[in-house]
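K.L.:
Sending over a structure as structure tokens; questions will come in a sec.
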């Protein structure tokens, strides 16, 4: 059963459809059946529902090339968010281009209203070569992972973790002159706001990407990127996954030239 080259949800589907009768298959079935509430699943609940130990769940995650349970949940949350967007639009794509129009407006916003900020932050990073700290929750963690990998290739000292608990700890290591990138669609998440306040108290340079200009974070940031439209297609959900990806890649492009 060759699964290493697939995304995580596909890996679970392969395990789920296998003929073996094992804890791994039970776990795969359970995660696939609960993708809509995956971010709220505790390891204790999974252990109880699947009749296995917590250590078996951690072992299962590591066999999928993940660090542990928290990363498994984080990756599934991100993939499910992407797949839901694609799936919900697939049937209507030939008739309804509102989603494409929203994305195009967001790209135009980045280009036409934020380009000076792109130049300013890339110049600062080139000239000062500061330490860089990356902060974000949910799907934004994976955008920061991409950003982290490119920054390291360019020789920057970067602090990044897919575990938000770790982010809450390493913000205390921020010093004056460091640069902190904060990705927050709403700009209202209390845990993100707390990280922002700590970074500012240490006189770090804060770069905020958000869709909400009516916050103290937006007003107090050193560099701001404003996203125009919500890119989530489900009711009561909000994100800017595509625009944030384009944003960080544009910064990398400017740094590498």
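From the backbone N, Cα and C atoms, a Cβ is placed for every residue, glycine too.
Caution: TrEMBL annotation is automatic and unverified by curators.
Below are the features I grabbed from TrEMBL:
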type	residues	note
DOMAIN	6-83	domain 'HTH rpiR-type'
DOMAIN	121-257	domain 'SIS'
K.L.:
Please list the DSSP helix, strand and coil residue counts for the domain 'SIS' (121-257).
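P.N.:
The breakdown for the domain 'SIS' (121-257) reads 64 helix, 21 strand, 52 coil.
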K.L.:
Mean pLDDT, the domain 'SIS' (121-257)?
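P.N.:
Averaged over the domain 'SIS' (121-257), the predicted model reaches a pLDDT of 94.
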K.L.:
Where DSSP helix means H, G or I and strand means E or B, what are the helix, strand and coil counts for the domain 'HTH rpiR-type' (6-83)?
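P.N.:
Taking each residue of the domain 'HTH rpiR-type' (6-83) in turn, the totals are 58 helix, 0 strand, 20 coil.
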